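Feature annotation from TrEMBL assigns transmembrane segment to 37-54, 60-85, 97-118, 163-181, 188-210, 252-271, 292-313, 333-349, 384-403, 409-428.
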């Protein structure tokens, strides 16, 4: 009897979800050519990492060699993307990695994948909210930091933030309320936001060519001494490294690549458009590789610009680009850049919070979470409980945790999802 129960339980863990194509999936409204898929992928991938993470990695971890860290992260993302593309094109329905894993390898793996997705999306939302708050605080003169500094005891755990970020919490809760009311992502707003982002990035890169100094990629101890005598004690900023292009050795490059992997998260959204692609077996892999390459060029350009404009040990990690323009004497330009960054991050915050309730609702409908989380509002058709619970969790993350720690946690979560997808491909083969 016990053997039968154990066998029955084991069958439940590996049972697969059976789906039939819906009428919408049989006749997609408008096919997406590779160009549109690439545009969609770039809009989904370029995010907070390009504006906030670059400064922290360049200053404390990799120095000017951050450009190589982005290259290593891009290669890893391409390999993960190809596995994701094969996995998505082998399953003939549009959906998330949770749905693909449920169809192909069974319930247990689907449960693990879904929880990784939920936690990763929640952490992404918290990190983007924290990045928006940091950029806003820098624009108004760091008054928020000065008012809340010292709120936490110095004996609190190291992974907590230096102060509770009520601005980030309020922003997440506000957008959660907007989603509860049934306001969906606007295609027009997305296009405008992406356009603003590309204009800001182009301006930053062009400014680097004009005001950059190649000497900042080969700094020596004499430069440290000169800057110390002119601008005060820079050793309070932390270890400076050994100078040159790779001041933190090759360990710094690899550590930086692990964090820069965060910047490429989002290319997997292309796979969800598989049914709308005329030839998904060809167009999806090409679109993923093109997306990662374009994003790498953007990240390479802005990181090279930042380290050429400012010596890496003088970068302001909380607000690198506005402070970089102030450093080179282009004070008014920093306000234009800061406003553009705020507009783009606000849209990215909404788009990162939007998929979480959908995954929670799917899990609840399949019986892998409480059924009440799948309940939708009669008028707006939104999963209220799933939206509110995910919004509260993301708000707590944004309130209490440091941006860099959120990035590390999110990178681990997405890396595990991509590793599972690669394993699922082997199973399908």
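Here the Cβ of each residue, glycine as well, is placed from N, Cα and C on the backbone.
Counted as Cβ pairs under 8 Å, contacts with the transmembrane segment (333-349) are highest for 163-181 among 60-85, 163-181, 252-271, 384-403. Below 8 angstroms of C-beta separation, residues 54, 97, 216-217, 238-239, 241, 245-248, 252-261, 263-264, 267-268, 270-271, 284-285, 288-289, 291-293, 295-296, 299-300, 303-304, 307, 312, 317, 418, 421-422, 425 of the same chain, each at least six residues beyond the ends of the transmembrane segment (60-85), sit close to that stretch. The transmembrane segment (252-271) makes no contact with the transmembrane segment (384-403), as judged by fewer than three Cβ pairs under 8 Å among residues 6 or more apart in sequence. A contact links the transmembrane segment (384-403) to the transmembrane segment (163-181), because at least 3 Cβ pairs that are 6 or more residues apart lie under 8 A.
Same-chain neighbours of the transmembrane segment (163-181): 125-126, 129-130, 132-133, 136-137, 144-145, 148-152, 349-350, 353-354, 357, 377, 380, 382, 384, 387-388, 390-392, 394-396, 398-400, counting only residues six or more beyond its ends whose CB sits under 8 Å from a CB of the stretch.
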